Amino acid sequence: MERTLAIKTRHAAGTRKRSKKWAKSVPFLLMLPALAVMGLFALFPVINAFRLSLFDKQLLVPGETFIGLKHYSQLLSSDEFRNAIRVSILYVGGSVLLQFIVGLALATLLSVHGIKGKRFFRTAFIIPYTLSELVVSLIWLQMLDSEFGIINYFVTLFGADPQNWLFDWALPAVIVANVWWGSTFSLLMLEAAMQGIPKELYEAAEVDGATSIGKFIHITLPSIRYVSLLNLIMITLYTINSFGIIFVLTAGGPVGSTDVIGMYMWRDAFQNMDLGMGSTISTLIFAVNIIITLIYIRLFGLNTLKEGA
């Protein structure tokens, strides 16, 4: 009798475990159809771009010729491509670093208790992000005009000579324009994360005599580390893949000083009509996106992701 009861108990326990596992897997099974469709639309362009990179394919010419890895060897030996990589590193590095720092500073400022006019300042900071990339580019094109731009107007008020910003300072100029437009994204994400930090942590730190800087370093930053990682990944990938501001302000010039890899890809694919080479560059950009994401997770977010899981 006791043996039979023990067997039934073990069987019931095993059934409950299987039921729990099944209950946990049901949401993922329900998501499978949508994920399959999304995966199809996401993977097909990547696979097709890699396929085209192996062919000599002109945009308006029918037919294609298999050439293997010739496009890749041509890119690696191209001085223009190496320059595009160098410029992209400077542009992406400067934009991401400044965008994150500005967004973090503004989010911290808006999270301080007792500051008046928060809604006004928050709205003012958000306005640039509501504009399209083209509108932002045209605004900065007018502001940076060497003859009639408002920036040179203020420069002359201080007794300095007007500058040709889009020639002598082309790369810093497009970085500043990109940061002005994109830092609001970091602001919104980081401020939302800061608002979720329990106030009791700050109150306990004040009782222990912690300074504002100490609370920021030991409470705020650790509490928003996961959102910070996600924000860094998103703004880095977007900056790598977008070149709208550069296209309008400098078109990659002067003399290739703002010729980022996205601009280089567009010129080969649509200006030179070389779809095979353009697909090769887009494939490399995709690979760079994957590598950078893995580096971020490895260096800055591995433990964070484990804790958040």
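Yeah, the Cβs are placed from backbone N, Cα and C, and that goes for glycine too.
Marked as domain 'ABC transmembrane type-1' by TrEMBL: 85-296. The transmembrane segment annotation in TrEMBL covers 26-47, 89-112, 124-143, 169-190, 229-255, 275-297.
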Problem set entry | Stretch with greatest number of CB pairs under 8 Å, the transmembrane segment (169-190) reference, 26-47, 89-112, 229-255, 275-297 candidates | 89-112
Exercise. Taking the transmembrane segment (89-112) as the reference, which of 26-47, 124-143, 229-255, 275-297 gives the largest number of Cβ pairs under 8 angstroms?
Worked result: 229-255
